[in-house]
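Since the structure comes first, as structure tokens, the remarks are kept for the end.
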Amino acid sequence: MPKYELQETLASGSTSKVKRAAAPGNAKCVVKVIRKKDVPLRVFLREVKIHRSLRHPNIVGFVDSYEDCHGYCIVMKLGCGEVGSMIRAGGGLDPLLAHFYFRQLVSAVEYLHGKCICHRDIKPENMLIDSAGNLLLSDFGFSTVFFHKGRRRRLRSPAGSLEYMAPEVFEGAYDGELADVWSCGVSLVVFLTGALPWDRAVESDERFSAFVSSRGGCQVPLSSIGDQAMGLVMRMTAKEDRRPSVSTVMKDPWVMQPNELLDESGLCRDSCRLFSLVPRQTGSALHFTQPGEVHKTPRTRPVSSQPRRAGSGDICRVYIGEESLRLALRRVCEALDGMVVSHRIAKEHVMFSTVDSRRSVLSGEVGVIRLDEGCCMTIRRAKGDPQEFKRFTRVLAESLGCNGRKCTILYNEI
């Protein structure tokens, strides 16, 4: 039996689960359990080899790996949240915080590239934070080496998340380092604006096509970015042969400007000041009027190699007053009916699927458990944007009558 006591599931995907765990001495960690039938041993060993070799203050710490009857397991240090969940939809991060996290992101990626490793799935959802608020880059399931037998090699397998993938990745032959730079550039746009500039960097995408035509960032959300930062975004999203290395990005005047949150080592100087810049989440009225099919299988697409971590953008817990489980489930269904959200009951869960304000699929489940002083509803995001999920949960909570003193809404931290 492994020395780790597996606890609640924080996230699950098609090939693996991430579970909270306790190590000897009651140290907190997470264990990614990969089903053997779904992932070849060589892929697991590659991820372990890469992650084990990394030592950087802005990269989530590798702890251990093992194999048991349940699957291949990777043990990592426990994060305290997710950068993606701190980003306000349509508003982004506070400018000081956006610069702080971008500096730390580029530092981590520069370290990776210095070891001839490219990440291939850089996005805010793969950026955790530690207890001091520092960024921790995570998810190395798609990572690979780009220097082999003394020669730089071009990569050919598409990997990553569509919105953050460089155009050449869709074409089938690309430089892994420069593809990471592109993903960092798109992440910077999200940091600054709270919105994605396009759905995918291909000619058929109207917003991307407009960006390529203008090269001036005249469309939303790019139009809201300052000139100096926008100049950097444009350089990072230039054609592959004109795109700078991450080391060059690190020397950019916008990146190098002083930041009161950073100490001499590039870590957070004042955690209280940092967390004061994170806006408290408030409810936002949304209309979910065009439900999708409940749990319809999405079209095949490159996605994150690991299940999405259940950070504060993935799980919402709603604590309500005295009620039976049956009544609580009925109230959930009635609330979803009122929101015109497609749903179905599966045992003690309600599965739901709808479209958000960006016309993208948002789906998940609502579970109910009985507590000593009432019921707890756990709303879990399966697919969709973290910020849209937060808005959805606020509207659902209000529909459940949870805007009074009897209800408490908490977003999970991992």
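Cβ atoms here come from the backbone N, Cα and C positions, even for glycine.
According to Swiss-Prot, the protein has these features:
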{"type": "DOMAIN", "residues": "4-255", "note": "domain 'Protein kinase'"}
{"type": "BINDING", "residues": "Leu10, Ala11, Ser12, Gly13, Ser14, Thr15, Ser16, Lys17, Val18, Lys32", "note": "ATP binding site"}
{"type": "ACT_SITE", "residues": "Asp121", "note": "active site, proton acceptor"}
{"type": "REGION", "residues": "291-310", "note": "region 'Disordered'"}
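Here the features listed in Swiss-Prot are placed on the structure.
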residue	record	DSSP class
Leu10	ATP binding site	strand
Ser16	ATP binding site	strand
Asp121	active site, proton acceptor	coil
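Here the C-alpha separation of Ser16 (ATP binding site) and the residue listed as 'active site, proton acceptor' works out to 17 Å. If you count neighbouring Cβ atoms within 10 Å for each of the recorded positions Leu10, Ser16, Val18, Asp121, the highest count belongs to Asp121. Averaged across the domain 'Protein kinase' (4-255), the predicted model reaches a pLDDT of 92. In this structure the alpha carbons, written CA, of Leu10 (ATP binding site) and the residue listed as 'active site, proton acceptor' are 20 Å apart.
For the residue listed as 'active site, proton acceptor' paired with Val18 (ATP binding site), the C-alpha to C-alpha distance reads 18 Å.
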